[in-house]
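Asker: Per TrEMBL, the feature domain 'Uroporphyrinogen decarboxylase (URO-D)' maps to 21-30, 140-156. Per TrEMBL, the feature substrate binding site maps to ARG26, GLN27, ALA28, GLY29, ARG30, ASP75, TYR152, SER207, HIS319. Here TrEMBL flags ASP75 as site 'Transition state stabilizer'.
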Amino acid sequence: MALSDAPLLRALAGSRPDRTPVWFMRQAGRSLPEYRELRVGTRMLDACLTPDLAAEITLQPVRRHGVDAGIFFSDIVVPLRLAGVEVEIEPGRGPVFASPVRTAQDVARITAIDPASLDTSAIAEAVRIVVDELGETPLIGFAGAPFTLAAYLVEGGPSKEHLRARAMMHTDPASWNRLAGWLAQVSRTFLLAQRAAGASAVQLFDSWAGSLSPADYRAFVAPHSTAAVTGIDAPVIHFGVGTGPFLADMRLDGAASAVGVDWRQPLDEAAAVLGPDVTVQGNIDPALLTAPWPVIEASVREVLARGTAARAHIVNLGHGVPPETDPGVLTRIVELVHAEDGSRRGGAE
Ligand code: CP3
């Protein structure tokens, strides 16, 4: 089989391969004992910028689970670190910035950094190692969408409702647009580096977009997310959590080949909103992974059945793998999805 015939890439192009492709957000990470072992003594962002280590961590879940894609082991804040922004990832918490970007002056200072000047050589080297090892299995590159990055950067760290980033849109729209426009170019540089080094597709993570109203999403966020993926000559998957109220906008006017759906919205309903020109990705509830196997199996079968309503379907969770997940359960889900006939079409059963 050639890489171009890989089920993931065929599904992104809109066809239904015999085998429904499946991968998991955060498949590379703390649910794997071999990951925890490799990470001992190395800070998260240092691991991301050590090519051999990042490559090995990317490959671990592909070997173990037989998923249909690797997702590059890195983080949405890596390109900011490469831009010289002081950021660390605190275990159990998330990205924390030394200096939050809150005022017009803060925005002017950070946006003076040229997004094209990032040294992405460590990223490119890691991607090349991975792509070489993966052979006919595609690698998905990724980046953070401008709003999700801003949700951390404006606050200075993780927050619940991302109030400060949302407030900037209305208090000082010029600064907001300047910051989000800059973040789009930073993420775009990160995506271009992964693509140039051999990633077959890319995913834009707007994990916290669900905190926005549809009107704010359209006016202040979607144009910047579109800019982040403009000119990337690879299929784009666009993912967010809680985006049901503006799911159609997640297509980014055709820039996205696939839209990720969280566990709140049945895939057949999502497909009806998204229309015939987009592939759906999702949407097993991560909370189900600790349930007895028959419960998980029934839920995976239902996700597959509802996914037949879309032009094509990529199975995933509705959000990332929780760290305490038994990895054996993920392997079993992959086997179950692969045992089903992926070519079937129709609505929910
Ligand atoms: O397997 C994969 O999905 C690829 C690697 C990946 C990571 N982060 C590795 C990681 C990807 C695609 C991301 C993206 C990311 N990073 C997002 C968007 C996806 C999502 O989950 O919504 C966000 C919001 C971040 C920011 C971030 N980085 C958070 C919230 C955390 C968790 C903090 C914690 O300890 O709970 C991180 C750290 C992080 N990124 C880990 C991993 C494997 C954990 C690091 C560790 O081992 O301690």
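Count begins at 1; order follows the chain as displayed.
Keep in mind that glycine also has a Cβ here, set from the backbone N, Cα and C atoms.
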Asker: Between ARG30 (substrate binding site) and ASP75 (site 'Transition state stabilizer'), find the distance joining the two CA atoms and give it rounded to the nearest Å.
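Answerer: So the alpha carbons of ARG30 (substrate binding site) and ASP75 (site 'Transition state stabilizer') sit roughly 14 Å from each other.
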Asker: Excluding near sequence neighbours, so keeping only residues 6 or more apart in the same chain, what lies with its CB under 8 A of HIS319 (substrate binding site)?
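Answerer: Non-local contacts for HIS319 (substrate binding site): MET25, SER207, VAL241, ASP262, TRP263, PRO286.
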Asker: Output, ordered by sequence, the same-chain residues six or more apart from ALA28 (substrate binding site) with a CB under 8 Å from its CB, or 'none'.
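Answerer: Result: TYR35, ILE57, THR58, GLN60, PRO61, GLY70, ILE71, PHE73.
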Asker: Around TYR152 (substrate binding site), which residues of its chain at least 6 apart sit with Cβ under 8 Å of its Cβ?
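Answerer: Within the chain, TYR152 (substrate binding site) has Cβ neighbours under 8 Å at VAL77, GLY94, PRO95, PHE97, PRO158.
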Asker: Under 8 Å Cβ-Cβ from ASP75 (site 'Transition state stabilizer'), six or more apart in the same chain: what's there?
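Answerer: Long-range Cβ contacts: MET44, LEU45, CYS48, ILE89, PRO95.
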Asker: Provide the three-state DSSP residue tally for the domain 'Uroporphyrinogen decarboxylase (URO-D)' (140-156): helix first, then strand, then coil.
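Answerer: So the domain 'Uroporphyrinogen decarboxylase (URO-D)' (140-156) is made up of 10 helix, 5 strand, 2 coil.
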Asker: Can you tell me how the residues of the domain 'Uroporphyrinogen decarboxylase (URO-D)' (21-30) break down into helix, strand and coil by DSSP?
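Answerer: Summed by class, the stretch gives 0 helix, 1 strand, 9 coil.
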Asker: Using all protein chains in view, find how many other C-beta atoms are within 10 Å of the C-beta of ARG30 (substrate binding site).
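Answerer: Taking every protein chain into account, the count is 15.
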